[in-house]
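Per TrEMBL, these features apply:
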type	residues	note
ACT_SITE	255	active site, proton acceptor
BINDING	25, 165, 255	glyoxylate binding site
BINDING	78-80, 107, 128, 130, 156, 231, 253, 258, 286-290, 309-310	FMN binding site
DOMAIN	1-360	domain 'FMN hydroxy acid dehydrogenase'
């Protein structure tokens, strides 16, 4: 096999290796998949304004997220049912994240439990939460995550109902019979039945609470001391309410373009959300990040860090833990190179002036500094 030189190359390998139902589940977006393409395309409408003749012999990519020091602002987003991609599933992801010195977010719908993931060894881990109709289930799950050493909750807020993913409907998607949603095993809600459409859509309709509202964000704070990240914010209005509701951070996300089609790319929505948060909480981004240049662009627009989703499951399918390690290393190396070539030696030196977007007003040159 030819050497893999970028993150995108793993998708083709995964497509060849995985059953169609599984690949389609990971790869597809909602309805026309306009936002799916736009999540990527929008990055290409942001260009660099590199600064030259700066000593870039030493570059520091470290950062802190909710007080936890990590090696780079590149983290792992929650993606469901990773054992469909590889037998080691979430175990492999946890080990790769830990080795890279970064954060993994475990999905509620993981095929490994919070306790199993914790057993892989040390690491900073967040837990993604779906709020079920049965709040006792939610409280129990949050307590288990906290006991297992998870450090934050990423509350997904864009899924009162599952988006219409037509590939899953055509394929009659269902979790393969040898797997279960491990966090719900023993609660009789760890299995998914065959349905006339997407088995997952039917499962969500039966289990996930459509009444979820801002008051539940406040309720969650009464049952856990873990900070809460609100995942799925796309507007300044909701950024303001998230801050008022006690969120410790915001993740600008359109759920990998799998929920409402024709929402903007996350990189397009980012600046508005950052303005809405008014510097009171950190704002993160997921969706469409495939290059180190994308990471730099997100930080230049005000993100405190980014999360990757599909690159994790595709590289996991292709090469297991080693694949995820390679993805994290490639993104790290590309990001470091982008910083050097832009004249930035630390994350604090990455500014809005290092990029120009197609929505910027035409720039008038600033007066040159006297040397």
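Placement of Cβ uses the backbone N, Cα and C atoms for every residue, glycine included.
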Mean of pLDDT values spanning the domain 'FMN hydroxy acid dehydrogenase' (1-360): 95
Nearest of the recorded positions (25, 165, 255) to residue 78 (FMN binding site) - Cα to Cα: 255
Site extent for glyoxylate, whole Å (max Cα pair distance, 25, 165, 255): 13
Residue from 107, 156, 255, 258, 288 whose C-alpha is spatially nearest that of residue 25 (glyoxylate binding site), among the recorded positions: 258
Residue 107 (FMN binding site) CB neighbourhood, other CB atoms within 10 A: 24
Spatial neighbours of residue 165 (glyoxylate binding site), counting only the recorded positions 107, 156, 255, 258, 288, 309 and Cα distances within 10 Å: 258
Least Cβ-crowded entry, counting other Cβ within 10 Å, from the binding-site residues listed as 78, 309: 309
Cβ-Cβ distance under 8 Å to residue 156 (FMN binding site), same chain, at least six residues away: 78, 108, 128, 129, 130, 231, 232, 255
Residue 288 (FMN binding site) CB neighbourhood, other CB atoms within 10 A: 27
Number of Cβ atoms other than its own within 10 Å, given for residue 25 (glyoxylate binding site): 25
